[in-house]
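Taken from Swiss-Prot, the feature repeat 'Solcar 1' covers 7-97, and the record attributes it to sequence analysis. Annotated repeat 'Solcar 2' per Swiss-Prot: 104-188, in sequence order, evidence recorded as sequence analysis. Residues or ranges marked as repeat 'Solcar 3' by Swiss-Prot: 198-282. Summarising the annotation, Swiss-Prot assigns transmembrane segment to 13-38, 72-98, 110-135, 163-186, 202-228, 257-275 and lists sequence analysis as the type of evidence.
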Amino acid sequence: MEVALAHPALKAFMCGSLSGTCSTLLFQPLDLVKTRLQTLQNNMHPGAPKVGMITVLFNVIRTEKLLGLWKGVSPSFMRCIPGVGIYFSTFYSLKQHYFQEGSPSAGEAVLLGAGARCVAGVAMLPFTVIKTRFESGRYNYISVAGALKSVCQNEGPKALYSGLTATLLRDAPFSGIYVMFYSQAKKALPQEISSSSIAPLVNFGCGVVAGILASLATQPADVIKTHMQVSPALYPKTSDAMRHVYVKHGLSGFFRGAVPRSLRRTLMAAMAWTVYEQLMARMGLKS
């Protein structure tokens with residue numbers, strides 16, 4: 001009863017948080033493999049054979065057991081559950097305020113998605129930093145609270161916002177591009193499909209296509225963000241991380257970890273949007 005009486009933006013927050021919980025739990029291993037691939041670059045000697053996604057995956061299972069693939073899931077939950085909720089509630093509020101009478105155009109969809117992601121990204125960045133460090137395997141943090149305390153004591157609170165520029169350069173365009181492709185793909189669907197029982201499956205397919213395109217476009221920013229958050233002392237500025245990656249690995253270094261990241265971001269976004277839209281429909285709200 002209390003849920004039914006809640007403000008629509010709060011309902012959007014709850015639907016988003018639940019969808020974020022499901023997608024984070026399922027796809028955390030891909031995020032861990034992506035982080036390990038990107039941070040492995042710094043330990044590789046020139047001419048050393050390239051390490052692929054499958055090699056990293058089996059190495060983690062061998063040295064850290066199967067559950068090692070979910071290392072960093074606690075900060076991921078602390079970031080994604082409220083973070084996805086904030087994103088969808090902000091998205092819903094902006095859409096209702098500016099586009100109540102009709103659907104946004106392709107350009108407006110980019111701004112809508114990017115704006116909502118900026119709000120969520122800034123709010124949850126400290127947990128993004130901790131999550132990245134957990135996954136890198138370089139830090140012996142026991143808990144999220146302990147990690148936050150350690151960073152504040154040893155590096156200062158400013159370190160919790162390391163990689164802010166790179167994070168926003170990665171997440172805002174990803175969300176904007178994703179929302180644009182996703183909304184345009186759904187618009188192109190025949191009405192009989194949109195209102196049929198297979199609509200969730202079709203929407204998921206639209207989300208997968210949108211996610212792949214958005215992931216590839218923002219991969220370089222993700223590599224830079226990871227370097228800055230794992231080693232903030234070495235790369236205090238975005239330009240420092242960019243220079244290091246380019247000098248040591250060339251242009252291909254900016255696409256290290258692209259496969260696991262694209263898989264994870266694409267599947268997470270597609271699932272989150274599909275679950276969110278179904279939950280919102282159950283509550284009688286248009287997402």
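Keep in mind that glycine also has a Cβ here, set from the backbone N, Cα and C atoms.
Mean pLDDT across the repeat 'Solcar 3' (198-282) comes to 89 in this model.
Helix, strand and coil residue tallies for the repeat 'Solcar 1' (7-97), in that order: 78 helix, 0 strand, 13 coil [DSSP].
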